[in-house]
Amino acid sequence: NFSRVTEFILLGLSDTRELQVLFFTFFFVAYAMVLLGNLLIIVTVRTDPKLSSPMYLLLCNLSFIDICYTSVTSPRMLVDLLSQRKAIAFEDCIAQLFFLHFVGASEMFLLTVMAYDRYTAICKPLHYTDIMSRRVCWVLVSACWAGGFLHSIVQTLLTIQLPFCGPKTIDNYFCDVPPVIRLACVDIYVTEWLMASNSGLISLVCFLVLVTSYMFILVTIRVRFTEGHWKALSTCASHVMVVTLFFVPCMFIYLRPFSTFSSNKLICVIYTVFSPVMNPLIYTLRNNEVKASMWKLWKRCRA
């Protein structure tokens, strides 16, 4: 017989008041950058008919996912940084866990699709419009969301079936699978391996597919090197940097037994805060067509 825990206490990033104010300022600016940058990208792509290719459709969806992803953790973290008691109800904790994995896994799948799109455009340019038609693009985007939902519902169901009777302190600034299931009142050996094989393998497989696609691109560029392919090489290098920033921390967190390692808050900050900030800068704002469309939109708004 277990007494059910009704709330958890989040320890946050620091218990020092001065650091909390500093963290609040930094993460508020980062959250604002994610919201404004990605909203600008979505509006630009939606209002410019020239940006109707599959690549820009995928970029638009990535911006929407980034807004959702950072909104799962950042608002709560900002409120807690100014609060004395950082309590979160059990139901809210499970909801945050669900949406974090739902949107996070969807982004992993979408980044993989975007790498395939770049591989097709560079390695098979003559067949690009046939392989990556608008209909195929929407099917792939829908599959990304469906895959994210299936992944997240499995993680959530495995979590809520565990009994929680205390302790109720989570050594992090948001609810995630590893720190939450460590508080369960039963042996979680089987559950943590099931979860690690779910989250960890998704991260690993998507990362390997991404790396493989970029390797094929590099081989193609090496064979027929032109000025245009130099630009593609520069783009791919920046994409690999952002992908690494997102996937490697996720693999470090989820591709291992949860109970044997403590939570690393710095690593969590990298894939929940820094990666969404970098995505619009690397994937879109380095694109000359998007920058030109943004400039047109700015002049139109001022007129």
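Along the chain as shown, the residues are counted starting at 1.
Just so you know, glycine gets a Cβ as well, placed from its N, Cα and C.
Taken from TrEMBL, the feature domain 'G-protein coupled receptors family 1 profile' covers 37-283. Note on the domain 'G-protein coupled receptors family 1 profile' (37-283): its mean pLDDT in the predicted model is 86.
Under the heading transmembrane segment, TrEMBL lists 20-43 (among others).
Annotation source TrEMBL lists transmembrane segment at 55-74 (among others).
Here the transmembrane segment (94-116) has long-range neighbours at 55, 58-59, 61-62, 65-66, 68-69, 72-73, 76, 88, 140-141, 143-145, 147-149, 151-153, 155-156, 159-160, 174-177, 180, 199, 202-203, 206, 209-210, 213-214, 239, 243, 246-247, 250, 283, meaning same-chain residues at least 6 beyond its ends whose C-beta is under 8 angstroms from one of its own. Sequence annotations record features per position, and here TrEMBL assigns transmembrane segment to 94-116 (among others).
Using a Cβ-Cβ cut-off under 8 Å and counting only residues 6 or more beyond its ends in the same chain, the transmembrane segment (136-154) has close neighbours at 54, 57-58, 61, 98-110, 113, 117, 198-199, 202. As annotated by TrEMBL, transmembrane segment applies to 136-154 (among others).
Taken from TrEMBL, the feature transmembrane segment applies to 201-221 (among others).
For 233-254 (among others), the entry in TrEMBL reads transmembrane segment.
What TrEMBL records for 266-285 (among others) is transmembrane segment.
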Using Cβ atoms and a strict cutoff of less than 8 Å, what residues sit near the transmembrane segment (20-43) while being 6 or more residues removed from its termini? 12-14, 59-60, 63-64, 66-67, 70, 74-75, 77-78, 81-82, 273-274, 276-277, 279-281, 284-285, 290, 294, 297
